[in-house]
Structure formats: C-alpha cells, structure tokens
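Reading through the structure tokens given below for one structure.
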Amino acid sequence: MQISYNWLKKYIDINFTPADLSEKLTMAGLEVEGVDYLGEGLDDIIIARIEKIKEHPDADKLVICMVKTGSDTELIPVVTGAPNVEAGQMVPFAEVGAVLPGGMQIEEVKLRGELSRGMICSKDELGLQEERAAGIMVLDDDAPLGGSFIKYKRLDDYIFKLDLTPNYARCLGMIGVAREIKSLYAQEKTLNTPPISFEEAEELGDINDYVEVEIEDPDLCPRYTARLVKNVQIKESPEWIQRRLKAAGIRPINNVVDISNFVLMEYNQPLHTFDFNKIKDGKIIVRRAKAEEKMLTLDEEERILDDEMLVISDPEKAVAVGGVMGGANTEVTEETTDVLIESAYFNPVSIRKTAKKLGMHSDSSHRFERGVDIEKVIEANNRACQMLAKCDGARVVPGVIDNYPLKFEPAVITLTAERVNELLGIELEAAEVKESLERLGFTVEKTTGEGEFEVTVPSFRTDVEQGADLVEEIARVYGYNKIPSTRPISKQRGKRSPRQKFEAKVKKLLQAGGLDEVITYSLQDKKSYQDLNLTQFEDYAKFVSIKNPLSEAFGILRTTLLPGIIEVLSSNARRQGSEMAVFETGTVFRNKGLSSRPEELNKLGGGIFGQNNNLWQQGAPNFFALKGVLEMLFNRVQLDKYSFIADNDNRDFLHPGRRAEIKYDQTQTFGFIGEIHPELADQNNLPAGTTVFELDLDFLFEITAEKSYQYHKLVKYPVLARDLAIVMAEDIAVGDIHQAIRAKGGSMLKGLELFDIYQGDQIEDGYQSAAFELKFQAEDRTLTDQEVNERFNQIVNHLKEEYSAEIRGN
Amino acid sequence: MDLLDDLKKIENEAEEELKEVESLDQLEELRIKYLGKKGAVQSVFSKMGKIKPEQRPVVGKEANILKNKIQNWLGEHQERLEKKAAQKRFEAEKIDVTLPGGKVEAGRSHPLSLVTKEMEDIFIGLGFEIAEGPEVESEYYNFEALNIPAHHPARDLQDTLYIDDHYLLRTHTSPVQVRTMEAQEPPVRIIAPGRVYRSDELDASHSPIFHQTEGLVIDKGISFSDLKGSIELIVEALFGKDRDVRFRPSYFPFTEPSAEVDVSCIVCGGEGCPLCSRTGWLEIMGAGMVHPNVLEMSGYNKNVYSGFAFGVGLDRLALLKYGIDDIRVLYENDKRFLHQF
C-alpha cells in the first residue's frame, strides 16, 4: 500500500516533515518501507514557451528553437532533434546549469556550429517514464511561463510505501491512516472525511423500481448495498483523480473504474460497478456458485467455480465472483450508460479461500479478507455516487438498496486497569486506560468492578477480539519505548541437555582432529543422488519430496549428509584447494510412507582429500587419516566396543575394496567409512582417494552417554615389552589378529600396537608380515620373565592354530 | 742435589705445560708425565732414600702438596676443556628457529555455529535451557496452535513448503514453543535454535533454508517490561553496549502485543547508510507477549500465567556480526571462507 502525503493532508491537516511522518508511522506499527519524492531531481526544471523555430543551417534533422522563460526575458536558442516541436508550445525546460534527474548538468554547447543554451525535455529525460519518448513533453497552454515544473505538475509530493501487517486492515485506506495519525500524534486536529451530498434525480423514481437484491447466503455476504447511476458518459477521469490514483500506484482506466478505485483507496471499501443494462431483469442474487459453474472474469480468463464460492448473479448467469473479481459479461465499457454500484461486506474467510483457489489476489480480495468496515458500506457507495454525479449528464437514481441480513454486533471486552499494568509492567491510572482507548475510537464504559471497563470495539477495528489486543493498543498509545525495562528472576539453572553437550563435544573433537565444520542445505536435488549412485542404498532412496518445491534443486529432503559434503569437497577441489577435511552434523529425513511423519535422524558425516601420509603402505592415506580421526573420537567419547569391518555388498557408491562398516559390539552397524568409488569421484570432480564417512549421532550418544570418568590407580610395577612379528596369509585381516592377540593376552596384556606390516622381499607371495609391540604388566606385582614368556607363547600358539601364522625369522 | 729445588722446577714446568694443553688426550699425557707411576713427582719420592733422613719429612710433605696442586690444576683444566667441547657441540647443533613449526591444522567452527553458540551461552547464563523440535512439522504445530488458523491472512506472511496435506517444513522455530508448553508445566525458560524453511527464492538476502532461535519465557507475572529488559540485555551481549535498541509495534499471530526490535545500525550508528536502508536501524528480531490463545491451546491457564516470546534470525545475525554481504556464502563452505573464523 502506498499513500501520497498531499492526499493524506486532505483528511488531516498535519505539517510533519516527511522524515518525521515516516518515523511516526513506523513507530505506530505502520512500517514505512520507503519514501519517494515525486519531484526528485526536477527542482531545476522550469516551464518555457517555444517562440519560434529556425532551420539549422548545417543539419537537416536539427532545428533551433528560440525559447522564452519569462515575459520580458530574452530568447534562448536551443538546438534540438525532437520531431514534435512547434512554435507556441509550452515545454519543460532545463537552462544552462540545471541538473536533470539522471545527474546530467546542462552546459552551453555548439551543435554543428550553432549555439544551444539549454534543453527542452522529454518525459523519459525527466524520469516520468521508463521507455524512450519519441519527442519532447508538451504541456497545456495554460502552464505558467517561467513557473516551476514541479509545482505545475503537482510533483511536490511524497509517497510513503507502507508494509502493513494483517492487523492493520483499517489502514488500507487514506481515512484509516489519517485516523491513526490523529489518534496517536494529532489529537487536536479534526478528521476531515469528505462531506457527501449530491442531487438525486427525483424524476427517475426509486431504485427499487429498477433493482432487486436477494441474498441467498447471508453467512458469506452479511450486507449488500446497491445504487444506480444513469446516463453516465464513460471517458477519462479528471486530472486530479488520475493524479491521486497514480500516487497510490493504481493505473487510471476510465471515470467509472477510477472513481471506484478512488473510493477503495479513500474508504478502504472495495466497490464493484456493473453495466446495469446487462443485468437480466435488474435482479441481483447473491448466492453460492454451483459446482463446476463457469464464468469469464474481467481478465478474460474462464473460471471454474465451486459451491464454496460466492457469486453475484442475475437470474440467468453469474456476473461477478463476489469481492474478488467482476465478470466480463457485465463489465463497464465505452457503451455503458447505466452503472450499478455495489458496496458490500463479504465474509473474509470465504473471500480468502476463493481468491486462493482461483489464484486471483486483487486489491478487493486483499481488503475483504482482512475485514472492511461493515458500517461504512453505504457511505462509500454514496461517495462514489457523489463523484459520478459530477460527470456530465450523470443522474443518480434516488434511494439505496441496503440488504443487511446479519447485523453487526460489536464485540464487548471486559478489561481491568490492573491487568493492563500487570501485562505491560507500567502503572496507569484507570482513567488513563480509558482515555487511551477512547482516543483510538473505542467506547469505554466503567463497570461496578474496581478499575474495570467494558470496551466496545468499533466496526472498523476488525482486528480486535480480546483483552490482549486492547493491551497492545494501550501500549501503542503509551509508547513501547517508554515502557520500563526489567528482568524476570530466573528460578532455574540454565543448561544444555546431555545430548546437546555430547554433540558439542563431538564437534570439538573433530575440529581437534583437523576437520572444518560445514553447514549445507537440507533440501536437495534428487538428481545428485542418482549422479552419486546413492539411490542404490535402500535407506538413501527413502526420499521425502516437497509438494511445492521452489525448483528441482530443492526438491527433496536429504536422506544422508553425503551429497552436501561431497559438493563441498568437489567445489573446493575445483577451486584448486589441495586438501580439505570437513564434517557436518545435521538432520536427515526418511520417508515412512504416505501421511506418516517422516523420520528425522541426527547424523554426523564428513570427508577428506589431499592427505599424503601413506600409512601402512596401503595407498589410501585419506582413508587412514579419516579413520584415525574417528578412532580418536571414539576413544575420547569412551566408546570401546567398536570395529571397522570390510563392507562387502552394501554402498556401491564406495570403492569396493576400500569401504568399511563401523560396528558397535561386532553386530550393530552405526556408520561407515570408505573411498568414493573411483568412477564416481572422476565424474563428480573429486580428487582420487576422497574418503567419506557418516554415522548415527543419536546412536553414538545412546551407547556412550552413561559413561563418566573414573580414576584408576596408577600401576607402579614395571612393564615388560615383547615384539611379535608374524607371517600369515595376506587375506587375513590384521584387525582380526589384533583382536585374537588381545583376547589371548588377557588382563596382563596392557598394551598392543601394530608397528609394521610388510610384503615383498623375504616374504613368500601371498603372505604378509605384521609386527606388534606387546606390553605386559600386572597391577599387584612385578611380572616374571617366565610368566610373560608363557603368555607370549600361548598367543603365538593360538595364532599358529587359528591363523596358520608363523613367528617371523623362525 | 736439592730435591726441594727439583719440586719447584717440576711445579713451574707443569704450570707452563698445562697452559699449552688443548685436548683431553694431551691432558692425560700431562697427568701421566707428572703424576704417573713413572712421572716427575714420583721420581722425587723415589729419590728420597738418597737424602738425609731429617730432610725426608720436609721433602715428602712438599712433594704431596705439589701432587695435590697438579691434580687440582688438571681437574680444573679438564672442566674447562669439557665446557669448551660442549659449547662446540651446541654450536654444531644450532637450529634455525625461524623455520616454520610442524603443521597442526585445527578445524574451524562454521560462523553459523559460532553465532548459535554465542546465543546459547548468553541464554544459559540467564537461566534458559535449550529446547528442540522436528523440522518436519504438522499444520497444527506450525500454524493452528500458534493462533494462525487456516484461511487467515497471516499465513501469507510465510511462504510454506509442504510435504503433503498433513506435514510441512516448519517456517519458524515457534512450534517449539507449543511443544515445550505441552511437555512441561510452567515456569518455562527456553530457547530453541534450529533450521527453518520458506518458499523463498535463493538470492543474496534470502535462502529457502535458514536458521532461527526461538525464545520463550512463561511464569506468573511476566510483563512486557520483562521482555524489553531481557532483549536489551541480549542485544548488549551480542552487539555491545553502544547500540540503541527500539521496540515498535508489529504483528505476529502468536504474540499480543507484538514488537519488532531494531538496533541502531552497526555500520553508521544511526546516521543512515546502505546497510540500514538509510533508516539508521537494523531489524533484528520479532518479539511479543505470548498470545492468550496460544497459552490456552497449549494447556496453560491464561489468567494465571503470562509470558514473552521472541525469534531471531541466526543467519542474519551472522551476516551482520561478520560483515558478510551474501547469505549464500554461508552455505557454499568455501575453505577460504571457513578459515576466516
């Protein structure tokens, strides 16, 4: 909604500076998004007259206009190529030194040898239209010579662009805004609503002789008024009406349409005008549409209606979608002579549903769905008649049809000053509470209760329903910024939940491990899942689709963090990042079937590329770097029963020989790690060897949450270390041997670490060597060599029996 | 032959020769020469038989004194040589301390996480707990229970992404208000940071996915002035003491009275600049007294309890705090960006 300051002043005589008014409106809750000065950049433009036109001696397409800017000033030569210049024209003129809206300063120039001392302007040069004008702008003959162009064109106006929230329906009209300003900032001023008087053409009889209105569905249309104006000539509106509408951002069309729009802007009451002669039998029926009923609306679209929509119809056909848009069949055209004016109150919910279903949001529906002032519909109708009556020959048929089956019952709200003060934290006297509300147009009656009032809500306050709404009104009058600041005493200790603390800890650990935190979109493109071959993994194909997506790129909810992480890695690699390591924690979503709430899981995912420490000579530095970070994480959250187990048949998006499931207690898979499949890495611009992981954060929390730190007495007995180097078949997992040694080593085996694996010279083909350091220690005594040797030999024998492993060098 | 003279001579010679000694080997040679079994001092002892008996104690005493003396000299000299040798070794082991240290790259926190954590810490200090709620919400929690009935114009304030007829992506963190009230008795003091969704086209200042923090305080006797005081404190914690805060009437269906909270522009301080659209103010959060309808629907007695709620856009906060001019940068995760934090 935009309003003109000059127009506003017609209703309330205020003198605030535009900046001040802007601030006042904003602080009243009518947020001003911007203020435009219509005369912006036109201060230097004056009105001149072209006295005579001379040919340019040296150019066919140029002429020299001799221009006068005052009755006794000398003639100024202006060279122009505009095709429409004529002697005697009044024109907007920029003298030498003047600045145009674009910032260009006019200088004295010679064009093809002829002096030019100024510029006759076109509309686009004045910023009055976007497209290039064909010639100069020509003003009316009565334009004052030498006068200010701004004044003459009434461009000395400010346009306020208001962003009104739904509770400011009353301010969708000029009178409403003026009333608001008066209540809050200019109580002493009067609200100048237009005095309405016009002549009714007695000889035409009475409207009831012509028109009949029947409301079949009063729930959707509690009030319908109609007036008839005959003998109207359809033509352009007077300049002042056009100017007002343009200032409000409405395009002028013809006098009838413009007047209805003018009243809409003035009273916040949408009107509709029908070509009366096209209404069968002069009978208006306000009814629900029939199912599948068709109607061609003003915008030349055929609409298919349903039986929840309200139509205005005659005995034969629907002539308007009530409160939303008129029908083409009764449109006011150049042939129209008799105009039926509708001013009604329609049910807001019904209007909103209809406008939504039909995709027709109009200035009318916008107002009706927020609620108009049901008590003002007649006044608005009369205002339109008054304005139409001023058109040549128009004659208003006496009388108004007012069909008002559901009378307005104002809400009455009981309120106590005490409650107001409690809720706002201020100390108003009962009288002040009363006065505040009365200023805003509420009727306030004292009851017998202490400081208690009965507040009657005026019909224009369609937003006020209960005490809290009144409290806000009182706060607005009092001034939000005058309310003191206090702080409630806290009775509880602030804290994070154990789950939240856990997540914070996990993040910290991963950062300590060198991983950067990333945050990626949870809405994704299904296509990226296909590109990454992720849909082959069943859980990842359980997409939750968005019904009304912005685009395919935001079409589904992520089922895994991987696509986001992979995109981060690949986009950084493309930007010549040589290494990167990231993680993300976030929600993923899994479809649980029609109409069921999708499952939301908290995941931890990450990825890495660019590592070059070829640990264990496996040629997978990224894998082992990332695995190392995860092992550190698990150790630090005191998860001990985890294992990485080769993943043989799941997750085809990973390298078949370089992927592992992360299991808890050997059985429960709660995550995975693996290299992106080389082919996919290639297709997705990922460096070779890029490794990713994802695991279930909630599960990790569940299995670790209970643990807390517990001190173990430091053992003072010596450690006996033994190295164990074995040779075994190369397809035996070192992890299995590790576990076997640990199991056999019992409680005296306090430390076990792999320090070398080897294949090649001195090792038979198909075999590998692995070397471990074992540390033995007892908590209660010094172990003897004999004890340790016995245990060591048991381990060796076990490995021999179970894995055919031989001590190396034997 | 006077043995005492011999001793004097040995002493002088030893002293002189010691001065020339440069290495531990030479020192050993000198020790053997003077103190060895066949050394100079011993040779004096071995000549004792040839002198008068009454002279023997005198010469013996002097010879022992000389022996100790030389021994001390040798010891001192050895210490000097060792010290020198060590010094030499240290010099050889000298490193260039200006060479770079071993590479330890600590991972960074995403700026959105930093802002979220800062908010959480401020509120925990004020006695708040951190609440959570699902991102896929029902119509009821996202709208109905927040006093936004179907077909109310307030639904236009947020363009919603729907899953189906029942479920949608929450458009704000406000559903957590309702979920919290349903789950616990008052008093309530929570904030609920989280991800929210709107059907907004992606551009420099809009993202279909962004983050908010909801706040909710409910107790007996909570007033609008409590809301103001609490929010002023938060703004001070986030933006510093020098910022002005203003509250202006606004509209949220689930609060009444409602307010928009502005802070004086962090760039121009109120003079007016492009960041604040020349208004001098930056809109940073919406707030208000919890609407009685919301209290009632959540099962709280609206005549006994009152409360306030607020919502802050965390992405916007991060943009303001770190001077980021494009919201998309937050989600691109360029390493050069991440490593600025």
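Positions of Cβ are set from backbone N, Cα and C atoms, glycine also.
Positions annotated as domain 'TRNA-binding' by TrEMBL: A:39-151.
Here TrEMBL flags A:408-485 as domain 'B5'. Counting residues per DSSP class in helix, strand and coil order gives 33 helix, 14 strand, 31 coil for the domain 'B5' (A:408-485).
Counting every protein chain shown, 28 other Cβ atoms lie within 10 Å of the Cβ of A:E472 (Mg(2+) binding site). Residues annotated as Mg(2+) binding site in TrEMBL: A:D463, A:D469, A:E472, A:E473.
According to TrEMBL, the feature domain 'FDX-ACB' maps to A:715-808. Regional average pLDDT for the domain 'FDX-ACB' (A:715-808) in the model is 93.
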Tally every other Cβ atom lying within 10 Å of the Cβ atom of A:D469 (Mg(2+) binding site).
20
How many helix, strand and coil residues does the domain 'TRNA-binding' (A:39-151) contain under DSSP?
3 helix, 40 strand, 70 coil
Per residue, counting other C-beta atoms within 10 angstroms of the C-beta, which of the binding-site residues A:D463, A:E473 reaches the highest number?
A:E473
Secondary structure content of the domain 'FDX-ACB' (A:715-808), with strand meaning DSSP E or B:
34 helix, 32 strand, 28 coil
